[in-house]
Structure formats: structure tokens, C-alpha cells
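Single-structure report; data block below.
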């Protein structure tokens, strides 16, 4: 990344970050909203009704300020404003790819030192029949997958439920995609959610669960569970919990068919090897031909792309209602891998298809803004110390 490109990404220096003075209500359940209302003196008999009003304004209509909540009394609005906000994460920068993909860099409180801030990225991918939002669950990642750019950034902290749902709300804000606002043909622009951004969702299970329950609530964000996919590298103990407590579609970052290679590509495999992972998939609640598990397989030249690998993959998935997404490797600075040749990807896909599995090849999106699969990483983490210092100096004079 050039210094000029970095300056476009981040105009506000980290030194000027001001932590929020009041807590945001974003990310709270109805019961938690009622509890907070009790803290400011709302009578017990009114809490449930008032909590439902807040819920509808925040998650259905996308209110950005209590003053917008016209069916709430002026006195109550003032009281809410004195104690709380409905703020989302701060949008530091937006990049738009040549193919229409959008990437937002979002700034969050650090969670410990209130004078510092952290960043995450989320990505919106428009298609003719859907609009998919790729959401992050952690600042950084702990898994160190060798082919993944995010894996080169250390894990900083888990996101809260509010910070996860806040990414969805930011996207709807930026796309003008709320119920009361105009969208093309009256349709929503964000139709699908994939937990495939920064971090391992199942190492932040409770916050991810709470956020996705808001996403899939018919009186909230209102996206069907069948349009929400959670991707995991294989945190086996929480796979069954995902089906039981969240009920969304499951995707597995597989990428190898032999434990020895997967140990290298996805080090989590040393803790939860293929046999345990695939058994958890066979036991996943609700899995069927109508609700197939997606297996993601990044195509690495000369590493995992042989026809023998394809044969082993078909054997491994026997008995699992599955589809296989083949992902051309997206290069990033410093990577040791190359993408498989296109002819080899097609041969691999054809073998799997002839064995009875859907095997689409994922079209890379947003490569020019490092928004494609495996490319996400907080921008301030990417910069060298020298570039970061220069960027801050420029921002201070803007």
C-alpha cells in the first residue's frame, strides 16, 4: 500500500480519538433494554412496552438519534438521550471497488485503555439477485491460517454484540437501506449476512449469537436464518451450539483433505482434526439437502489442487449434505502462495460436480481494495511504523 492510498483510508489520527461518554443501546436484547430502562426510573409496568418501542426504532427503522422516535414522549426521549446513545461504530473510511464492492474501515473503543481505539473491516458485495455483507467478529485473529491476510494480524480482542450488529447497521445507513427509506423497487440491499470477516466467530460465540439473533428477528433486522451463514475454521465444541442456539447456515473453512497439510494451513486442525470436525458436521442440527453445509476450499497452486485431493475431498464428505465453494486464492503482500491455474480449478470443480456435489467457483470480488476472501486486515496494522507516523502527521495538518 502506498502512502497516498493509506492517507485516503485514514484521515483521522488515532491520537484524536475521543471515547464515547455514554453507552450505546445497540446490541442489547429486549430484556436488556428493559433492564436499562429500569436503571433510569421507568416504571416496571412500562418497561416491556418501552423496550419494544426502542427495539423497533433501532433495529427495524434504523433510528440514529432518540429525537427520531416520534411515538416516544419528549420527556422519555430527553431522559434516554441524557443516559444513552444509539451510536454505531465510527466509519473511518469507505473504499469502493471497480466491481461495486464496498469496504468500510470502522473504529471501535479498545475495551481497556479508553484513550486508544481499534479498527475492523466489513465488506458489502452487491450482486444481481442479492447483496451480501461480510461481517467481522474479532479485532484481528488468533488462528494464524498461513494463507490468510487477517491471520497475520494478532488477536486484539473480541467484538461485542453491539459492535457486530453495528456493522450491519452501518451498512444499512451507508446504503440508505432501512424500512422507512427509499431503496430500488422497495427491496432491501443487504439481503444476506456472512460471518466471514476478521476473526473466528466461534471463539466469540456468545456475542456472535446475540448479534445474529437480532439480525434474524422478524421485528428487528429481519434477515432469514437461511440467508445468514456462519463460517468457522473448526471450533468443534461450538459447532453443535451454533445449530441449536442460532440456527443459521454453517460453512467450514476446510482447505485441505489430509491432517498433515491442514495442520499447516489451518493450525486449529492440530486441536480439532478432520475426523472430529466432520463428525460435528454430520451431527449439525437441521442439516439437510435443503440446508446444506458449505465447505470452503481455497485453491493453492501445487499445494491442495490435485485430482487426488479432489477424490479425497469427495470421500471425506460422504454422508454430509454439502456443497463445496472453490475459492481462487486472493494474493496479498508477503504471501507465500499462488493461486491455482484456472484450468486446474476447472478440472477440480468438474470432478467434484460429477461426484454429485455443487461446486461453484467463487468469483473474486473487491481484490483491488483488498476486500476479497482472506485479504481483510485493519489498515493501521498494515502500515509500517514510518508510514503510520507520516500518515498521522499529514492528518494533523488536514
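Yeah, the Cβs are placed from backbone N, Cα and C, and that goes for glycine too.
Sequence annotations record features per position, and here Swiss-Prot assigns active site, proton acceptor to 121.
Here Swiss-Prot flags 127-370 as domain 'Radical SAM core'.
In this structure, residue 134 (disulfide bond) is part of a beta strand by DSSP. Among the features that Swiss-Prot reports, disulfide bond is placed at 134-373, with the record citing sequence analysis.
Per Swiss-Prot, the feature [4Fe-4S] cluster binding site maps to 141, 145, 148. Annotation note: residue 141 ([4Fe-4S] cluster binding site) sits in a coil segment as assigned by DSSP. Within 10 Å of the C-beta of residue 141 ([4Fe-4S] cluster binding site) we count 26 further C-beta atoms, all protein chains included.
Sequence annotations record features per position, and here Swiss-Prot assigns S-adenosyl-L-methionine binding site to 199, 200, 231, 253, 254, 255, 330 based on sequence analysis. Residue density at residue 330 (S-adenosyl-L-methionine binding site): 22 other Cβ atoms are found within 10 A of its Cβ, drawing on all protein chains shown.
Per Swiss-Prot, the feature active site, S-methylcysteine intermediate maps to 373.
Among the binding-site residues 253, 254, the residue whose Cβ has the fewest other Cβ atoms within 10 Å is 253. Within the set of recorded positions 121, 134, 141, 145, the entry lying nearest in space to residue 200 (S-adenosyl-L-methionine binding site) is 141 (CA atoms).
Fewest Cβ neighbours within 10 Å among the recorded positions 134, 145: that distinction goes to 145. Annotated pair residue 134 (disulfide bond) and residue 199 (S-adenosyl-L-methionine binding site), C-alpha to C-alpha distance, rounded: 12 Å. Of 121, 141, 145, 148, all annotated as recorded positions, the residue with the shortest Cα distance to residue 199 (S-adenosyl-L-methionine binding site) is 141.
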